[in-house]
Structures are given as C-alpha cells and as structure tokens.
Amino acid sequence: MIEQEFDAIVVGAGMSGNAAAYTMASQGLTVLQLERGEYPGSKNVQGAIMYADMLEQIIPDFRDDAPLERHLVEQRFWVMDDTSHTGMQYRSDDFNEAKPNRYTIIRAQFDKWFSRKVRQAGATVLCETTVTELVRSASGKVIGVRTDRAGGPIYADVVVLAEGVNGLLGTRAGLRKMPKPESVALAVKEMHFLPDEVIEQRFGLQGDEGCVIEAAGTISRSMAGLAFLYTNKESISLGIGCLVSDFAQTMESPYVLLDNFKNHPSIRPLIAGSEVKEYSAHLIPEGGYKAIPQLFGDGWVAVGDAAQLNNAIHREGSNLAMTSGRIAGEAIIEIKGRNQPMIRRNLALYKTMLDKSFVVKDLMKYKDMPALIHTNSRNFFMTYPQLMSQAAQNFMRVDGTPKIEKEKATTAAFIKARSRWGLISDVVRLALAWR
Amino acid sequence: MHIVICIKQVPDSAQIRVHPVTNTIMRQGVPTIINPYDLFALEEALKLRGAHGGEVTVLTMGPPMAEDALRKALTYGADRAVLLTDRCFAGSDTLATSFALSRAIVRIAETFGAPDIVFAGKQTIDGDTAQVGPGIAKRLGLLQFTYVAKIDSIDVDAREITVKRRSEGGTQMLKSRLPCLITMLEGTNEIRRGSLDDAMRAARSQIVKWSAAEAGIEDLNKCGLRGSPTVVKRVFAPTTKAEKATQIDMTDKTQHDLADELIAAIFTRQPALEHELAFDGGQ
Amino acid sequence: MSNANREAPPSAGRAGIKRELPEHFRDYRHVWVFIELERGEVHPVSFELLGEGRKLADKLGIQLAGIVLGPPGEATQHAVAEAFAYGADLVYLVEAPLLADYRNEPFTKAMTDLVNTHKPEILLLGATTLGRDLAGSVATTLLTGLTADCTELDVDVDGSLAATRPTFGGSLLCTIYTLNYRPQMATVRPRVMAMPPRTDKPVGRVIRHKLSMTEEEIITKVLGFNLDRQSAKANLAYADIVVAGGLGLGSAENLQLVKNLARAIGAEYGCSRPLVQKGWMPADRQVGQTGKTIRPKLYIAAGISGAIQHRVGVEGADLIVAINTDPNAPIFEFAHLGIVTDAIRFLPALTEAFTRRLSPHSHDKLAS
Ligand SMILES: Cc1cc2nc3c(=O)[nH]c(=O)nc-3n(C[C@H](O)[C@H](O)[C@H](O)COP(=O)(O)OP(=O)(O)OC[C@H]3O[C@@H](n4cnc5c(N)ncnc54)[C@H](O)[C@@H]3O)c2cc1C
Ligand SMILES: Cc1cc2nc3c(=O)[nH]c(=O)nc-3n(C[C@H](O)[C@H](O)[C@H](O)COP(=O)(O)OP(=O)(O)OC[C@H]3O[C@@H](n4cnc5c(N)ncnc54)[C@H](O)[C@@H]3O)c2cc1C
Ligand SMILES: Nc1ncnc2c1ncn2[C@@H]1O[C@H](COP(=O)(O)O)[C@@H](O)[C@H]1O
C-alpha cells in the first residue's frame with residue numbers, strides 16, 4: 001500500500017506539468033507526477049515550436065542536451081487562395097545567435113527529455129497511469145487522486161491539473177466547465193519524413209537552421225483556421241486547425257482540409273517524395289483571455305492548456321504552458337515555505353503571480369480577437385484571401401492594361417466584396433482587437 | 001524460485017523508415033519498445049512467481065537508454081533489473097550476445113542467487129533470429145525448451161518440470177529438470193498491468209548497471225564485433241517490382257461481370273489452374 | 001544477427017575485417033543439408049534446401065551431402081533415399097533409437113560430432129521450430145556464425161557463403177558472411193526456396209556415424225506427442241491456392257467470405273497479422289514475415305494493404321490477385337492482377353462465379 005503522502009501531485013507530463021513538477025521537485029518538494037501515455041510525449045501532438053526564454057527560466061542550460069531540431073531563422077506568413085499564395089517573409093542572420101530564440105522540436109522526444117530532467121530533480125514519475133478521479137475531503141478540498149491502476153488512492157497537499165485541453169478531470173470534479181466548441185480548435189497534423197539535405201535544399205537552410213510557414217485563407221473553407229509547416233531535422237510537421245464549432249457547422253472534414261493543404265501547389269513541392277508517418281489530431285484552446293476558467297481552488301491549481309492558456313493569434317502554447325506551470329510551482333513552494341495550508345485563499349497567489357506575467361498580459365491584449373475572427377470568419381478566411389490573390393495577380397500580370405485601371409479594378413473588387421463600410425469596420429475592429 | 005528473463009529493447013519496426021539515398025535506418029522519431037515476444041515470457045515468469053514464490057530478475061544488454069525497457073518491466077511487476085551496458089558490446093551478433101548474456105547470468109547467480117529458470121523471447125522483431133535463447137542455454141549448460149506453449153507443472157523441490165512444446169506437426173510433451181531455459185510461444189498469455197505499488201517501485205528502484213568488467217567478463221575477444229563470427233557485408237533495400245498489377249477495368253460492370261472477368265484473367269495467365277480446380281475445387 | 005546495439009553499416013565497417021581462414025578450418029569442405037525427419041516424415045523444407053545446396057555445391061565444385069538423424073527403421077531409410085532423389089551426392093547417417101523423437105540434447109550431440117568429424121564448409125537447416133532449436137545450439141557449441149531466416153544464398157568470388165536475409169522488420173535486406181569460422185551456417189524458412197525436381201536415383205554413398213550417447217545421459221524425456229487435429233492444421237505453406245483476408249474486411253464475421261471462397265475452390269485460407277492480433281484468426285493462419293511464407297500457384301488477397309512484412313511472405317506465389325478499395329494500396333505494386341472494389345461485396349460474387357464455372361456442367365455451357 002502507498003502510505004506516503006506527497007507535497008504535490010501533478011496530473012499530466014506535458015509542457016506545463018513538467019515545468020511544474022520540475023520546479024517543485026528541484027526545490028525539494030516531494031512530487032508525484034502521473035501521465036496516462038505510454039511515455040511522456042507519447043500522446044502529445046505539437047507542430048512544434050519551442051520558445052527558449054521560457055524554458056531557460058526553468059532549465060537554464062537546456063541547450064546542452066535537449067533534443068532540439070532546428071533553430072528558426074525564417075518565418076513566412078502566407079495568405080492562400082486555391083492556386084496561389086501572397087506572402088510575407090522574414091529571415092535574419094541575427095537569429096543565428098549563440099542562444100537562439102525559437103526551435104522546432106518533436107514533442108515525443110522533447111517531452112521524454114524534459115521528463116528525465118523531472119525525474120533527475122527527484123520527482124516520482126509514473127506513466128501509463130491515468131488519473132480517474134480527484135479525491136476530496138468532507139469540506140470539499142482536493143486531497144489526492146485515484147488512478148486506473150490497482151491500489152490507491154494517493155494523497156497530496158495540492159494537485160496540479162496539467163492534463164491538457166480536455167481538462168476532463170477538472171470538469172468532472174466540477175471545478176470548471178467544459179471548454180466551449182467555439183473556443184477550441186481541432187488541429188490535424190502529419191509528419192513527413194525527408195532526408196535532411198533535401199529539407200535544407202528546399203528551404204534554403206544550412207546546418208540546423210529552420211523555417212516556419214504559417215498560412216491562412218481559402219484552405220480553411222471560410223472557417224476560422226490556420227495551417228502550418230515546420231521544418232525539423234529530418235522531417236516536416238504540417239497541419240491545419242479550425243474551430244470545433246466551425247467544423248460542426250460546416251460539416252467539413254479536417255482530413256480533407258489537410259489533404260487540400262498538402263496538395264496546394266505552393267505546398268506540394270515542399271513535401272514531395274516524403275514518407276508520411278504519424279497522423280494525429282488534437283485540440284487547441286483558442287478562446288483567449290475570456291475563456292480562462294477558474295485557475296485555483298481548495299487543494300488544486302490548473303496550468304497550461306488545462307487552464308486554456310494559449311495564444312491562438314501568435315500560435316503560442318507551450319511557452320504559456322511552461323510559464324504557468326513554473327509559476328504554479330513557485331507559488332506552491334512559497335506557500336509551503338510559509339507553512340500555510342494549500343487552500344483557495346493561499347493558492348490565489350498563483351493567479352496574482354500569473355497576472356503579472358506575459359501569459360495573462362498577452363491574452364488580455366488579444367481578448368477581443370477570438371470573437372471577432374469567429375464572427376467574421378468568412379471574410380477573413382475566404383473573401384480577403386481571394387481578393388488579395390486577385391490583386392496580386394492583377395499587379396504581376398503584364399497584359400497591356402494601364403496600371404491605373406488595374407488599381408481601380410482592385411479597389412472596386414474589394415469594395416464590391418465587402419462594401420466601403422465593411423472594409424473600414426474590419427480594419428478598425430482588427431486594429432482594436434490587436435491593440 | 002529465482003527466474004531470470006532476458007528482454008531486448010527494439011525499435012518498433014512498424015515505424016522504421018529507410019533513408020532513400022543511403023539505405024540506412026532513420027531512427028528519428030522511431031519509438032522503442034520491449035520486444036513483444038519477450039512479454040509472453042515475462043508474464044509467464046510473473047505467473048510462476050505467483051504460484052511458487054521467489055523473485056523475477058530482468059536482464060538486458062544494450063545501450064544506456066535500454067534502461068527504459070527495464071523500468072517498464074519493473075512496472076509490470078519484475079523484482080529486479082540488470083542492465084549490461086558497455087561500448088565493447090557494440091556490434092554483437094547472436095553468438096557474442098549470448099556469450100555476454102550468459103556471463104551476466106552467471107554474475108546474477110553469484111550476486112542474487114542461482115536461477116531455476118531462464119526465459120528468453122521466442123525471437124526479436126529486429127534480429128528475428130531466435131538464436132540467442134539457445135545460445136545462452138548452451139553456454140550455461142542449461143536444458144533448453146523453445147517454442148513452449150504451456151508449462152504444465154513445476155516441482156521446485158524435486159527440480160522437475162513438464163512442458164508442452166510446439167513442433168511442426170503437433171505438440172510435444174516433455175519432462176525434464178531445472179534449471180532450464182525456456183522460450184515462450186506468442187499468444188500464450190498477455191502481460192499484466194502492474195499495480196500502483198509496482199509502478200511506484202519501478203519509478204524509484206535502482207537499476208543494476210554492469211559494465212563488462214563488473215559483470216565479470218574478461219575475454220573481450222568474445223564480445224561485440226570481435227566476438228562475432230558473422231559480418232554484415234551489405235545492406236540494401238528490397239528491389240521494387242517494375243511491373244504493377246494489371247487492373248481489371250471496373251467501369252459499368254456489376255460485381256458478377258467483374259468476377260467472371262477476373263476468373264477469365266486468372267485462367268488466361270495460369271491455364272493449368274482451371275484444369276486442377278475443375279478436379280478438386282468446388283466440393 | 002543485428003543484436004545488441006548493432007547498427008548495420010551500409011558497406012564499410014565490419015566488412016573491412018580481415019578475411020583469413022585459420023589453418024584448422026582450411027580442410028572444411030562440402031555443403032551439408034540437414035534432412036529434418038520428425039515422426040516419420042521428412043519436412044519438405046529439406047528438399048528445398050537440397051535444391052539450393054546443389055547450386056552452391058556446383059558453384060564451389062564440391063559435394064552436397066544430406067544429414068539424416070533418426071531411429072533405425074524404414075522411415076529413416078526412406079529419408080536417406082529421398083535425400084538422394086532430391087540431389088544429394090552422399091548422406092551422413094546417424095541411426096539410433098535415441099533419435100526417435102526430437103530432443104535438443106541428442107540431436108545437438110549427433111550434429112556437432114558429425115561436423116567435427118567430417119568438417120563441412122556450409123551447413124543449411126530449415127528455419128522450422130526444430131531447425132531453429134537445433135541450429136542455435138549447434139552453432140553455439142561449434143562457436144561459429146549462423147545466419148537465420150535467409151531468403152537468398154550465394155557464393156561470392158572467394159568462395160564465401162553470402163547469406164541474404166531481411167532485417168528491421170523487412171524494410172531492408174542484408175547480406176551476411178561468416179568469415180574466419182567454419183562451417184558457415186544458415187537457416188532458411190520453408191517455401192522461400194523453390195522445390196527442386198525429384199528424380200529417382202539409386203541410393204548412393206551413405207556414411208554412417210555412431211551416436212556416443214545413452215538414454216541415461218539424456219535428462220529430457222518425451223511424455224507424448226499430440227498431432228495437430230487435421231482441421232486446425234493450416235497447411236498453408238504448401239497449399240496450391242490460398243485466399244487471405246486483411247483488416248479491410250472490417251470484422252471477424254466477414255472472414256467467413258474468405259473461408260467460403262476458399263472452400264469453393266479447394267484453397268487454404270490465411271490472413272494478415274492484425275487479424276491474428278485481434279484474435280480473429282489463429283496464429284498459424286498468418287501469412288508473412290512473422291507468419292508463413294507461401295508459394296501457391298494462386299494467391300488471392302482481399303482487404304490487405306500489402307505491407308512489406310506481408311509482401312515478403314507471398315512474393316513467391318505464381319499469380320497474385322489483389323482486391324482492395326484503395327487504388328494506391330502498396331499491394332498493387334507486386335500483385336499481378338488487381339481489382340479496386342469492395343471485397344465484402346466482391347467476394348460473394350467471386351465465390352459464386354467460381355462455383356458456377358467449376359460445376360460439373362460448366363464445361364458444356366462454355367462449349368456451347
Ligand atoms: C497541432 C498543434 C500545434 C501546436 N503548435 C504549437 C507551437 O508550435 N508552439 C507552441 O508553443 N504551442 C503549440 N501548440 C500548443 C501546445 O501544444 C500546447 O499549448 C501545450 O502542449 C500545452 O501543454 P500542457 O502541458 O498544458 O498540455 P499537454 O501537452 O496536452 O499535456 C497534457 C498531458 O496530460 C496527460 N493527461 C491528460 N489527462 C490525464 C489524466 N487524467 N491522467 C494522467 N495524465 C493525463 C496527457 O496524456 C498529456 O501528456 C500546438 C498544439 C497543437 C494541437
Ligand atoms: C516486425 C513485424 C512483423 C510483421 N509481420 C507481419 C506478417 O507476418 N504478416 C502480415 O500480414 N503483417 C505483418 N506485419 C504487419 C504489417 O506491417 C502490416 O501492419 C499488416 O500487414 C497490415 O495488415 P492489413 O493489410 O490487413 O491491414 P491494413 O494495412 O489496415 O490494410 C487494410 C487494407 O484494406 C483495404 N480496404 C479497406 N476496406 C476495404 C474493403 N471493403 N474492401 C477491400 N479493401 C478494403 C484498405 O484500403 C487497406 O489497404 C508485421 C509488422 C511488423 C512490425
Ligand atoms: N541484447 C539482448 N539483451 C537481452 N536479451 C536479448 C538480447 N538479444 C536477444 N535477447 C533475448 O533472446 C531472444 C531471441 O533473440 P534473437 O535471437 O535476436 O531473435 C529475445 O527474445 C530476448 O529474450
């Protein structure tokens with residue numbers, strides 16, 4: 001029987017759970033971490049970009065042995081219609097710095113590495129163990145968990161819910177509501193394996209340099225969605241995600257969208273001849289600030305995707321996850337240091353600290369964005385991309401039409417599609433939401 | 001009773017990719033697993049421990065990361081794990097592998113008690129040779145039972161064992177003595193799910209790690225490349241057939257038309273078949 | 001091979017190891033094939049190996065010998081005769097009551113004694129349960145190299161045995177040599193090599209060897225033998241026609257469609273591996289790298305994608321017919337005839353069409 005009681009139990013070994021467990025264990029707390037996957041990372045789907053700053057704050061010398069794929073030197077934003085893309089591209093040799101800022105990673109490997117660090121820091125990590133239930137005291141305080149393995153329950157002063165976007169445990173325990181369909185995106189993703197020299201050649205990369213493409217437009221069939229392509233060392237991760245509520249409404253299939261994306265004339269040559277492995281689907285919380293649920297209570301805190309902490313506009317998730325995990329860990333250490341109980345009043349410290357961080361500040365900044373994009377998805381993801389493409393083509397094609405007429409035609413097309421007022425209001429609202 | 005079981009960590013070959021240019025294995029992103037055949041043996045060992053008491057020691061020879069496989073075996077309920085790891089083992093073929101493993105088993109016997117049974121998997125999914133088990137048995141002078149479908153009885157005091165063993169046309173029933181080496185047939189049982197206690201113990205227990213020297217292996221000429229009589233001369237991809245299948249045209253045809261057309265095509269290509277089928281088919 | 005953390009290098013590396021046969025191995029000569037005799041019957045893989053051994057022996061200009069280990073009696077004499085009929089130049093025979101049933105101890109002893117006395121250059125065995133059990137023990141006792149499950153055997157310019165086998169789950173092939181040791185041992189699975197023609201030949205030179213072992217020295221006793229019930233015994237490997245189903249059939253019930261077709265045309269039925277894993281079919285029905293290798297005259301695969309591990313088990317078939325809904329399924333890369341259609345609907349139609357065509361009156365109908 002398990003007699004021992006832990007200072008903290010962390011549910012989930014994703015980015016946020018690992019950050020929390022590592023932070024606490026390395027400060028001497030007794031930590032038990034439970035992960036349902038076969039190994040950490042086995043259930044995790046990510047594009048995947050990892051942000052160095054946030055990891056550095058947890059493990060400063062991570063570059064020594066973390067499995068990093070490529071550091072990013074180039075980012076492309078593409079607005080696509082069915083046959084073309086209009087793009088913006090930024091590439092800088094400044095990103096070839098001693099401590100690069102962003103890396104592509106493969107979550108399965110990265111999470112394994114992170115988990116090894118967590119174990120080395122002294123936490124007990126059990127995989128293939130699903131937490132089925134939170135155990136509460138008579139007063140309702142969370143005091144432990146039950147798992148799907150024989151034996152238990154296991155008790156702890158505090159439970160860190162780092163269970164990812166579904167947040168089933170927390171929802172089932174009535175700690176918060178199920179995320180709404182309009183605040184989660186469903187993303188499907190594939191890994192395309194190619195020899196490294198082929199990748200380097202196709203994207204103009206050298207050594208460990210990497211490139212990212214983010215694309216939006218008609219590929220999402222007028223739903224609010226984004227497609228992405230990330231270069232890893234010997235593979236390309238690509239995928240597309242749209243809001244669950246949109247999928248439900250349009251009855252589009254994510255697989256078809258992904259297929260279309262892959263067969264888009266701008267993408268197809270980039271992945272030609274690759275071997276596809278690992279098809280997977282996953283949810284991303286995209287509700288932003290307004291969708292953040294209750295973050296703490298008696299005996300528990302929620303971090304990462306489980307707390308809907310995800311910046312859909314910048315496609316950042318893992319950094320918010322790591323930071324919220326770290327901050328939760330630090331708050332718990334602080335409360336423990338003061339010898340105070342892990343009750344709601346004290347755990348409010350986590351929220352206070354989080355509010356001061358970039359996590360909440362960033363989400364706050366874009367708080368109106370999700371609603372705007374959602375209600376105007378047809379314009380943003382179908383009409384404008386088409387208009388832009390027409391405009392660009394009109395501009396490029398030399399056919400004897402006077403330039404002045406070309407410009408007029410373009411303007412007319414925009415106005416016809418969205419009306420003068422519509423255009424102005426879109427711009428203004430976008431600017432406001434961005435502010 | 002002390003049971004030693006040899007397991008191997010293998011790349012999940014269902015997910016292996018071959019580099020199109022260099023024809024080498026691209027290991028990136030290929031997960032490793034415990035050789036599935038070894039799990040039948042591990043479960044059998046755990047069952048025997050349940051029935052007769054004693055301890056189960058898992059043993060593997062491999063790179064440091066093979067520790068993951070051992071830890072996993074501990075979560076299933078094994079009592080102890082030994083990792084034999086040393087650069088000098090790199091490149092071992094089955095002869096060198098069975099040498100190193102047999103020496104480690106001798107060291108296990110000295111340190112933790114002599115095993116009554118040594119288990120190995122039927123074969124591995126990467127090497128696929130089914131030779132390491134018999135090799136270990138021979139080196140240790142153990143009686144050997146491969147392809148065992150069932151262990152009927154064990155009398156630990158009388159040192160007797162009876163097993164059913166798969167042979168080509170049936171099942172052999174054998175009676176023999178302990179200690180012995182057994183390889184279990186696939187499908188004989190299913191690996192259990194360890195309890196929370198097992199999982200907790202596995203997460204915390206120390207894995208015994210031995211270098212060649214620590215395992216008492218002095219003759220390095222018998223290890224790794226040097227100890228391997230076989231040499232891999234060439235690795236290459238299977239040639240693809242130039243000709244693809246002739247597709248039977250489907251347009252505007254009922255399943256019946258299609259069937260008739262297919263049969264006609266079969267008999268055109270293999271006229272002899274029609275004759276043979278007419279004689280023995282259809283009864 | 002490929003054990004421990006051996007990453008097979010493409011060409012250099014290991015192959016660079018010096019090749020110099022030690023003095024005491026220089027007089028090892030001739031190709032030996034183990035004639036697998038169990039319970040009175042010779043396993044056909046032995047003849048397939050004699051066919052292959054013949055080619056090797058001819059290339060090397062040496063002799064081909066069959067090794068027969070068995071109890072005194074007719075069955076053993078018959079095995080000797082068959083060895084000659086399938087091409088052996090001579091036979092080494094160990095006849096002893098101890099060899100009535102297969103047991104590792106006396107067979108290993110008999111075989112290693114023979115090798116040490118008569119010194120073969122190459123020793124081939126079938127990769128059967130018996131052959132693998134024996135080969136592993138013999139190779140370890142002799143401390144020589146053994147290459148398992150070969151799909152191709154050849155001799156290279158300097159006379160070494162080049163044994164080719166699949167590796168890494170069949171994604172690659174590798175050619176393995178046993179340098180500096182003798183004999184060079186290899187096992188080959190049933191049906192991988194073609195069956196050579198049988199010619200009635202008089203029994204040639206038989207070299208007898210005694211087994212220096214008594215029943216008392218053998219610890220393991222045979223209590224009994226249960227023959228497989230005929231119905232459960234899938235004689236897949238040697239069937240002339242095989243119909244197999246894969247995951248594309250969708251359910252265990254639909255396998256009946258495969259069985260129906262098989263029954264209608266007198267075929268054996270088989271399946272891909274996932275069906276065995278799901279418990280829809282017994283393991284002895286699995287076709288492929290970890291199942292049976294087959295060489296039928298006609299192979300019909302329904303709802304099978306044709307993964308490399310499946311492919312290697314069926315490539316020897318004379319005619320492969322694939323039924324698959326996916327026009328890009330890999331099976332069409334190596335099948336001869338393809339039909340892109342739903343097997344669940346097509347199989348009954350095919351069964352019926354065959355039955356119609358093969359019914360006793362069908363020939364009249366065709367003629368008219
Ligand atoms: C396709 C896609 C692309 C993305 N790309 C990026 C990107 O490029 N950059 C970026 O920063 N972010 C990206 N994100 C978002 C990022 O992946 C998430 O924000 C981040 O993984 C959140 O981490 P987490 O620890 O909160 O949750 P997760 O990583 O989801 O981890 C949760 C863990 O908890 C486990 N678990 C769940 N329930 C239980 C239970 N009951 N018991 C035990 N264990 C349980 C799960 O198995 C899982 O391992 C992407 C997401 C997707 C879907
Ligand atoms: C070490 C190792 C050893 C292995 N050994 C073997 C082995 O010995 N034998 C073996 O078979 N496999 C083996 N495998 C597994 C092999 O890799 C494949 O996974 C397996 O062969 C796939 O089986 P399948 O074709 O039935 O299923 P799938 O790959 O799922 O294919 C199903 C096919 O059915 C088609 N289909 C779907 N619906 C229909 C329909 N209604 N009508 C017609 N077609 C339909 C689909 O298009 C698809 O092509 C091994 C794997 C490993 C890693
Ligand atoms: N490196 C190894 N470490 C431990 N056991 C091994 C190793 N290699 C092979 N074995 C054991 O030997 C069995 C047969 O392996 P093989 O001969 O490679 O098919 C496996 O199922 C294992 O039980």
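Along the chain as shown, the residues are counted starting at 1.
Every residue gets a Cβ built from N, Cα and C, even glycine.
Quick look at what TrEMBL lists:
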DOMAIN    C:31-222  domain 'Electron transfer flavoprotein alpha/beta-subunit N-terminal'
BINDING   C:272-273, C:286-290, C:303-310, C:Asn324  FAD binding site
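Same-chain residues at least 6 positions away in sequence with a Cβ under 8 Å from that of C:Thr290 (FAD binding site) are, in sequence order, C:Arg273, C:Gln309. Taking the Cβ of C:Gln286 (FAD binding site) as centre and 10 Å as the limit, one finds 25 other Cβ atoms among all the protein chains shown. When secondary structure is read from DSSP and collapsed to three states, C:Gln286 (FAD binding site) falls in the strand class.
Taken residue by residue with DSSP, C:Ile308 (FAD binding site) is part of a helix. Within the set of binding-site residues C:Gly288, C:Thr290, C:Ile304, C:Ile308, C:Gly288, C:Thr290, C:Ile304 have a CB atom less than 6 Å from some atom of ligand 2. The Cβ of C:Ser272 (FAD binding site) has 28 neighbouring Cβ atoms from other residues within 10 Å, across all protein chains displayed. Around C:Gly306 (FAD binding site), the C-beta neighbours below 8 angstroms that are at least 6 residues distant in the chain are C:Ala322, C:Asn324, C:Ala329, C:Pro330, C:Ile331, C:Phe332, C:Glu333, C:Phe334, C:Ala335. With all protein chains in the displayed structure included, the most crowded Cβ environment within 10 Å among the binding-site residues C:Ile304, C:Ile308 is that of C:Ile304. A coil conformation is recorded for C:Ser272 (FAD binding site) in the three-state DSSP classification, outside any helix or strand.
Taking 8 Å as the upper bound (exclusive) on CB-CB distance to chain B, the binding-site residues C:Ser272, C:Gly288, C:Ile304, C:Ile308, C:His310 give C:Ile308 in sequence order.
Cβ neighbours within 10 Å of C:Gly288 (FAD binding site), excluding its own Cβ and spanning all shown chains: 24.
Other C-beta atoms found within 10 angstroms of the C-beta of C:His310 (FAD binding site) number 27, with every protein chain shown included.
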